[in-house]
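Below is one structure, written out as structure tokens, with a few remarks after it.
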Amino acid sequence: MSSSAPSDIEKNVHIPSSGGNSSDRNDFASGATEPRGNWTTRFVDSFKRDPNAHVAKPGQVSNPREYDHLAAAEATANSGLAMKLKGRHLQMIAIGGSIGTGLFVTSGAALSTGGPASLVIAFIIIGILMFCTMQALGELAVTFPVAGSFSAYSTRFLDPAWGFAMGWNYAIQWLVVLPLEIVAASITLSFWPGANDTNKAAWVTIFLVVIVTINFFGVRGYGEAEFLFAIIKVIAVIGFIILGIILNCGGGPEGGYIGGRYWQTNNVPADYSGYLLGQPPGSIRSGAFHSGFKGLCSVFVTAAFSFAGTELVGLAAAESANPRRTLPTAIKQVFWRICLFYIVSLTIVSLLVPYGDDRLLGDSSEDAKASPFVIAINNAGIEVLPSVMNVVILIAVLSVGNSSIYGSSRTLAALAEQGQAPRILAYIDRSGRPLVAIIAASSLGLLCYVVAGGQSDANTALNWLYSLSGLSSIFTWGSICLAHIRFRSAWKKQGHSLDELAFRSQVGVYGSWLGFLLNCLVLMAQFWTAAWPIGYGTFTASGIAQNFFLAYLAAPVVILFYIPYKIYYRTPFMKTSNMDLQTGRRELDTPALIEAERVERMQLPRWKRIYKIFC
């Protein structure tokens, strides 16, 4: 059911009070337990610590070198975060929340590196991986809507040391995404000559202030902003798909049927607009594949980066008013986003832009401002739409930057709750905001001022931040799949049945195994292309080393977090019989609620029952 309104049976179910109870906190914040005062007093008081928040206290663990996973589970279940996200927020975060630089900008580098066939195949493979992962995450997040989500699941169902590594891996991923997206936004602005002549430090200041301000409005501000941003991005992508089909069929101002000629080797027509760059007609390279199988493997990390952020809907479950009813719908809609907004749109792009176009990002540093979506419209001779599309790209980039503060601050706060980060980061104010974590995440945005040093510095920063962010998603997704596999094993061993689960993965444990294996294959493929890049025979030793760390930097970061923590705390691999399957479950009468919903669903018309299976 997509509605977030409680059913009759839910109204009669008692949900136990805890430090994370949003009603207690909101009553306090709204003045139900003390005089409201004037607006300045209320504003100042909203930043004070929430008196109902339960933060992990020193002394919970008798042996400081022995990790107390039960106390960690209790802390993440009672974090004090505000539960204000509605169904429409979660649905739009799931549908368009992560559409940004990866799809609109760096997909050009992927097209240039691997060719159109490699681009589409890589995104299909990562899309299958993502679908299986999100189904697993949906089941876990509906059952345990706790702070920290997947990093907390790794701690609870795998190994506290691995949960520590995954939490910091995910936090760092989003911490670097903020300056990354602002750098990308400044590059996007250089599409217009007037903006290109303005000092980039002025633009990054404006972007940073806007993004930080949105996050200081709390989770409701983030949800409303992402709702608006996602609608704009979804409309733009659908519009581009329709326009692309028309242009491919010869309906543009320039006319001429294109079809699949750019998938054919060296068959670019003489009237292709690329010759306006000073290249002789017919010199633009084309073809289905570029650099063979290694070219395909090289695209995986770009595809992974493009899908990064899809899992944010699971992180937002802890701040959802009713995740049991709203989250399943959002999870199911991920499938349509993968198919429509990624696979279809990039297939259209590959039909309109040959991989040899030197304007693609990664082919020429001075043309880094160009997006394959903008190039495709430019090639059709449409004068106004490229600027409109560039505005959409700018909004998408800033949207992901907005999500980066949300993702990193919530993860840092959850790590602090579990005793895996400085405790000050677990500070939750009376509005339910992890205030110190938001400030810490926002301060990393100051790295974006590197763009003031010039275009070369901007591209260098873009490449290194991109390398640290891209591959870390693979570790996160693999851990989600493995945590789901272990959870199902513990669920069965401790005497529970699948009928007790409010939401079950549509692909089950087999889907999680497939997702986990695909994640491992992507890691191996990326290691191969990182250690032996395309054309590595022409590289110097230092060039190969630099290329390896640019492509595989996240792996040593994860290892450096995992091994020392594992050795120091001597954390055990969690046994199924010892896993905590109760803490964090908001509803005690889930089987009765599920049965009531089943009866309600059976009363719906047949077409609507079928619709609910997929949406």
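Even glycines carry a Cβ here, placed using N, Cα and C.
Looking at the domain 'Amino acid permease/ SLC12A' (89-575) alone, the prediction's average pLDDT is 82. Annotated domain 'Amino acid permease/ SLC12A' per TrEMBL: 89-575, in sequence order.
Annotation source TrEMBL lists region 'Disordered' at 1-40.
Within the chain carrying the transmembrane segment (92-111), a Cβ under 8 angstroms from the stretch's Cβ atoms is held by residues 118-119, 122, 180-181, 184, 187-188, 223, 226-227, 229-231, 233-234, 237, 298-299, 302-303, 305-310, 312-313, 316, 330-331, 333-334, 336-337, 341-342, 345-346, 349-350, 353, 355, 360-363, 370-373, 375, 392-393, 396-397, 399-400, 403, 466, all 6 or more beyond its ends. The transmembrane segment annotation in TrEMBL covers 92-111 (among others).
Among the features that TrEMBL reports, transmembrane segment is placed at 117-133 (among others). Outside the transmembrane segment (117-133) by six or more residues, the chain places 107, 110-111, 263, 288-290, 295-296, 298-300, 302-304, 306-307, 310-311, 334-335, 338-339, 342-343, 346-347, 349-350, 477, 480-481, 507, 511-512, 514-515, 518-519, 522 with a CB less than 8 A from a CB of the stretch.
Residues or ranges marked as transmembrane segment in TrEMBL: 170-189 (among others). Away from its own ends, the transmembrane segment (170-189) comes close to residues 100-101, 105, 150-151, 195-196, 200, 203-204, 207-208, 211, 308, 368-369, 371, 390, 393-394, 397-398, 400-401, 403-405, 407-408, 411-412, 415, 441-442, 444-448, 450-451, 458, 461-462, 465-466, 468-469, 472-473, 476, 554, 557 of its chain (Cβ-Cβ under 8 Å, at least six residues beyond either end).
Per TrEMBL, the feature transmembrane segment maps to 201-221 (among others). When Cβ-Cβ distances below 8 Å are used as the criterion, the transmembrane segment (201-221) is approached by residues 81-82, 84-85, 178, 182-183, 185-186, 189, 195, 316, 319, 398, 401-402, 405-406, 409, 431-433, 438, 442, 445-446, 448-449, 451-452 of the same chain, each at least six residues removed from its ends.
The transmembrane segment feature in TrEMBL is assigned to 227-247 (among others).
Positions annotated as transmembrane segment by TrEMBL: 334-353 (among others). Outside the transmembrane segment (334-353) by six or more residues, the chain places 94-96, 99, 103, 107-108, 111, 116-117, 119-120, 123-124, 127, 130-131, 134, 234, 237-238, 240-241, 244-245, 247-248, 258-260, 262-263, 306-307, 310, 313, 360, 372-373, 375-376, 379-380, 614-615 with a CB less than 8 A from a CB of the stretch.
Positions annotated as transmembrane segment by TrEMBL: 373-400 (among others).
Tertiary neighbourhood of the transmembrane segment (435-452): same-chain residues 47, 174-176, 178-179, 182-183, 186-187, 199-201, 204, 207-208, 211-212, 215-216, 401, 404-405, 408-410, 412-413, 416, 424-429, 458, 461, 465, selected by CB-CB distance under 8 Å and a gap of 6+ residues from either end. Annotation comment: TrEMBL describes 435-452 (among others) as transmembrane segment.
Listed as Cβ neighbours of the transmembrane segment (464-487) (distance under 8 Å, sequence separation of 6 or more from its ends, same chain) are residues 106, 129-130, 132-133, 136-137, 139-140, 150, 153-154, 156-158, 162, 166, 169-170, 172-173, 176-177, 179-180, 183, 301-302, 304-305, 307-308, 311, 314, 447, 505, 509, 512-513, 515-516, 519-520, 522-523, 526, 549-555, 557-558, 574, 576, 579, 581. Here TrEMBL flags 464-487 (among others) as transmembrane segment.
The feature transmembrane segment is assigned by TrEMBL to 507-528 (among others). For the transmembrane segment (507-528), the residues of the chain that approach it from at least six positions outside its boundaries are 125-126, 128-129, 131-133, 135-136, 294, 297, 300-301, 304, 471, 474-475, 477-478, 480-482, 484-485, 488, 551-552, 555, judged by C-beta separation under 8 angstroms.
Annotated transmembrane segment per TrEMBL: 548-565 (among others), in sequence order. Proximity of distant same-chain residues to the transmembrane segment (548-565), defined by a Cβ-Cβ separation under 8 Å and at least 6 residues beyond the stretch ends, is recorded for 161-162, 164-166, 168-169, 172-173, 301, 463-464, 467-472, 474-475, 523, 526-527, 529-531, 533, 571.
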